[in-house]
């Protein structure tokens, strides 16, 4: 069954233009092609990023937070109590008054002590401001570094200025070392975010959305790697990262209660978001993926529909997030 599924997945009609096979993707004559097995390296790279994150949060983020006036609040842990802990995990974090009285009798203690235990236990579930600052600092550091590196990698490439160049010579486009490391770093970063979802600040409203987003990002980048859509892939990555670090910076100053700085950074983020994801992404990237391939091939491969379907869903999310950002800006401007 696995062999059959594997042969279906790598069926050349899914990935390749007409009269092109996987045999053509052997390095030759100075041409280097991306290889699917190279994606396995993103897992160990993700653990390297986790080590970097640990040291950056501990030795850079914490001193920076203290310099900005964020204090490390130490929460009092409740006394170990297996009965109350079991109820807290399996039944409810907010027991009713009758349940509290029953638990008090079961534990042979007062109602007030049970209420106090649950209050302290709930407080442990809430991440401290310092912890939130550390997470925002890590994401800010990565997105900023990725944006700078992306610009350095792309500014002298012809397809950065002329989007038609992304298809010239396709699929026989050589893989550059900068493109390799750009992809490896981005995929590894999203793997690392998946690995730490259980210990990071848990967002109840959009926890599932984060899981789906990270998996979709890994899937989209991995698929574009296998199909050698690397030129377009690097442009998609660059367009997204250039807005994100402004948002993480705004969060950091929000945690520090630097209101004016936070507001200014959020306005910059909003402008960057609308330029990159509401204007550039649909009228630059999507135009290149939907419209331009028809000039190079009269029979689009299945991957054309798969990738464009995902990119259109992504644009739908951009419009939804843009609407939410617009609502916040409207309240900020008119209601202060």
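Backbone N, Cα and C define each Cβ position, glycine as well.
Computed from a predicted structure; not experimentally measured.
Checking the ranges 86-123, 124-161, 162-199 against TrEMBL, the DNA-binding region annotation falls on 86-123. In terms of DSSP secondary structure, the DNA-binding region (86-123) contains 29 helix, 0 strand, 9 coil. The predicted model assigns the domain 'Homeobox' (84-122) a mean pLDDT of 82.
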